[in-house]
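The structure appears below as structure tokens.
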Amino acid sequence: MPGNRTRKSWPPRRTAKPRPFRTTTATATLLALCAAATALTACSDTGESSSAGGNVVLRYTWWGNPDRAARTQEAVDLFQKKNPDIVVQTSFSGYDAYKQKLATQAAGGDAPDVMQLDYRMIDQYASGGVLLDLGKQQAVRTEEFDRGLLATGVVDGKQYAVPQARGTETVVYDTKAWESSGVEKPRKGWTWSDWADAMRALAERTGKPGATDPGQSEDAFEVWLRGQGKALYTKDRELGFTADDLTRWWTFTDKLRREGAVAPAEQTTQLDGTVENTPLGRGKSVSDFNWDAPSSGYVALVPTGVTLAPMPSGEDGTPGQYFKPSMFMGVAADSGHPEESAKLIDFMLNDREAAKILGATRGIPVNESIRTTLAPELKDFDKTVADYQASVDGTLNAPPQAPPSGDSALQTTFQRDYDQVSYERLSPREAAENYITEAKAELRS
Amino acid sequence: MTTTEIPAAARTGKPSTPPKRPGKRQREGAAWVFLSPWVLGAAVLTLLPMAVSLYLSFTDYDLFNPPQWVGLRNYTQMFTEDPRYWRSVVATLTYVVIAVPLQLGLALVVALALKSMRRGKGFYRSAFYAPSLLGASMSIALVWRAIFNDGGTVDNLLGTGGWVNKPGWALFTVALLTVWQFGAPMVIFLAGLQQIPTELYEAAAVDGASRWRQFLSITVPMLSPVIFFNLVLQTIQAFQVFTPAFAVSAGKGGPADSTLFYTLYLYDRGFVASHMGYASAMAWTLLLVIGAVTAVLFRTSRSWVFYASEGDR
């Protein structure tokens, strides 16, 4: 009953009378100034890279999986041992989160000293004045780099970023599951219809979808498109395909999804750029499309082992996959320590011991002499990646030019528009038309 | 009389007038001096960014290059050319309509239960309040996602699959996370309940009124200012929901845009697509809408909020 109200009410009532104001204005001023000063100094620490105990502190950020984290840390430790006056603070996350965080930091003038960059970021970051011209940094040696790959980091004649490695897309599959299913294994030159048949057969015999639904992936779409002699973007940085092309792709993948040959929408929507959240990584499908180096992440997740196979080609045998500079390193234009940052980049790219530690975790190194000396020494999954690259080397077409700035946002748009298809809220045609409208707006601005 | 003071005191916390007054000018000067850190902070950290944001809302700004003046284009694009914008509006309104009444209802029920409780009050008060302290954090939202994901606890117990991956269920799952954090309105309800004079209930009991009758005829009217206060506060908060949806949908507002709340889409436009001008335009539209909704709530409150002091007159 509400009748039992205690005297101790809560929250406690104010009982003491407020004291009369006796302080003089002078004292008040002093107190207020002290308060203001404390508040101001408390905010003044911007977390910028600075000297700590006489050491130079560099911030180095990158995206990747735990395997890459362990090896990167080991290489960074070695760098610190060789350069006792430099302290490197590393941080990493999955690609999607990394992309957002870096853009925010860059816009706020707080970009990390050394950052890992994607092909799709170079144009935007370089033209936005975020990156330092590495051509002027003597410490970064690029003599042993493949000229063509090195040029992918050049914008308006300046070397804003240096490629770290090259990579190519792959069909990565659960070796045991695929082999024991008896379905014919992927072979060089297989077409998209061969692939679709294999997915159907896998789903039927293993009871699991054959692959992640590739409809959400702009990368997979690009391979499919290139297999027909088309491209994502024209040379004038406009869309290289039409709503009809995209409708055909989404109709193709949507049909496979309805048949259960590829993973259901509930799985697709969880993709966030980490291998842990892919159906293959979660043990819910037999294969996946990914870039070759990050596929190392599956090794820890698929106990029966994974194998890399070439991507499907167009129906007439035109290959869609290509070698791409897998990632770049760049330095912030407003870094307080450009020389030390350049030193770190040079170490990560050109130091032999570092190369041995890093292996192929970011792809096969672009430094040619390191690549040649490293190749026989590669172990485990690094060797898998190297062998895979060797197997397709010479059969692929030239890479497209770097995607225009707007593409970075369009990757996400692509995935979201396909969500509408896989959850059966829009037809492939409607979603494709939405995407074309959004893409045109994105590329115009 | 006492009932009127609760929300007012909660908002301003004004002390009563001191007995001996120094000169007016002297008092004002001292007041300004003491206020100066706050005034400075408000100007530099709130008003200035707001002004910049208003300016940006009329520009095309990609974070990297200087803003380009585009007039009202962001606003017209928002209302006429962007289907995803409208999906975010629908998702947000649905969320507000589901989450706010559920949360306030639960807060009131628990507050009533706690009020009549004799022992362990302090413990239960803290226990129910704790989720509100923890709930705003990213980690709890991530745990929530794990619980409701496929292969998560709920899936294992009920075998219904992952709730967060079903477009029809995901929004409800996010709302549930908010409802669970009913601690703050509950504490305010509790304070309000304890200010209702016991005599009213005693008199009603003597007249033979049932507990339900007492609730409807005494508790609700006497508590209406507090209900109103909570309603306004929680509605404004619900419009700005961000963290739970961000974590539960891995920042995408999925599945199929079903949890693409307004602020999430705003964040996406600003920080993923680098359209700060568009994001600013969205922010200002949100401000106006929240202002309008609050105004409507205040208008309707005249007919259902009962202030004891008015009754006295």
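Cβ atoms are placed via backbone N, Cα and C, with glycine included.
Copied from TrEMBL, the annotated features are:
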- B:1-24: region 'Disordered' (REGION)
- B:30-56: transmembrane segment (TRANSMEM)
- B:89-297: domain 'ABC transmembrane type-1' (DOMAIN)
- B:93-114: transmembrane segment (TRANSMEM)
- B:126-148: transmembrane segment (TRANSMEM)
- B:168-193: transmembrane segment (TRANSMEM)
- B:214-233: transmembrane segment (TRANSMEM)
- B:276-298: transmembrane segment (TRANSMEM)
For the transmembrane segment (B:214-233), sequence-distant contacts whose Cβ falls under 8 Å of one of its Cβ atoms, 6 or more beyond its ends: 3-4, 6-7, 10, 100, 104, 107-108, 112, 185, 188-189, 191-193, 196, 200-201, 204-205, 294, 297-298, 301, 304-308
Closest-packing stretch to the transmembrane segment (B:93-114), where packing means Cβ pairs under 8 Å, from B:30-56, B:126-148, B:168-193, B:276-298: B:168-193
For the transmembrane segment (B:126-148): best-contacting stretch of B:30-56, B:168-193, B:276-298, by Cβ pairs under 8 Å: B:168-193
